[in-house]
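Record features (TrEMBL):
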- 205-215: compositional bias 'Polar residues' (COMPBIAS)
- 59-188: domain 'Cytidyltransferase-like' (DOMAIN)
- 258-336: domain 'Cytidyltransferase-like' (DOMAIN)
- 204-227: region 'Disordered' (REGION)
- 19-41: transmembrane segment (TRANSMEM)
Amino acid sequence: MIMVFDLGHSSDSIQSSKLLATCLIGGVVLGVSVLGFYLAFQPPRQLSWRRKKKPIRVYMDGCFDMMHYGHCNALRQARALGDQLVVGVVSDAEITANKGPPVTPLNERMIMVSAVKWVDEVIPDAPYAITEDFMKKLFDEYNIDYIIHGDDPCILPDGTDAYALAKKAGRYKQIKRTEGVSSTDIVGRMLLCVRERSLSDSHNHSSLQRQFSHGHSQKFEDGGSGSGTRISHFLPTSRRIVQFSNGKGPGPDARIVYIDGAFDLFHAGHVEILKLARGLGDFLLVGIHTDQTVSANRGAHRPIMNLHERSLSVLACRYVDEVIIGAPWEVSKDMVSLSSSQSSSALILNSISYRMHGFFFLQLLIKV
């Protein structure tokens, strides 16, 4: 038997196989190279779709003495400039050295700031001015991206800007100051209220709060006249109320807790009682009495803050879900029905004032 081998054809097959293998290997190498080149020039957001975006952390400091809705609005604006808001509360010693002794001590101011729903973290004993060392601490330890302050100037006793270093570092942002209220203004209201009260036995004066809320100046029969300074320059708008509101109602099976009061000069005692009330259920509804109701039941010289000012202070509290602006003094059947219609379970709490540890606390009485 004669066996014939086609060596030429076998050689061509081998060459074709080698060529095919080379093309395949080259294609894989080229594909990997192109993929690497593509990924190398992709933005970090597209490249790491599973990696969480770094939150922008902003810092704002202040004295927050006799804290009011203006402070809360500043914190709301600051929080809107980032994802997390860190607040520094200036120490008693620093305030005394730069402005004079504070009305409320540090521990009460810490309670008030921590209770604001836009605040994520609080730093006690913060310096009054941003120093090199403290700014480095903010950037390195607290991972702060920007330092925030209002558009009102903050001048130190030596005439320098308290935020000059932050501005120079390019890490400063500014918010708009809330007009119509300040701690100094509130103290002035209180002093005028005391003055009117001392004269009320011999003169027929209307409520100081009501009088100034309507823009009237006070004139005295002793030959002098008031300065014409209005107590409240606050003009309530639906937009501002919406900004402070949670915008969420109770769930179908939520346990609604209702508590009412004047909440005048909103302070740490109010915060503590609202925190306790919120712990009794799932949704805290707060009734705020009208100026006329407060005056009729607490005295002609109350309240110091008008209804809408008091409403914003309460709405800013993290423990409050909703408020009734102008709630009646006594809880009516309609209010109980309203609460019951929103949820299958409602708890109505009555507020009776009494003194405790220097605060104006509210005693809880379960009514239904």
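Quick reminder: no glycine exception, Cβ is built from N, Cα and C everywhere.
For the domain 'Cytidyltransferase-like' (59-188), the model's average pLDDT works out to 93.
For the domain 'Cytidyltransferase-like' (59-188), DSSP puts the residue distribution at 48 helix, 29 strand, 53 coil. Helix, strand and coil counts under DSSP for the domain 'Cytidyltransferase-like' (258-336) come to 32 helix, 18 strand, 29 coil.
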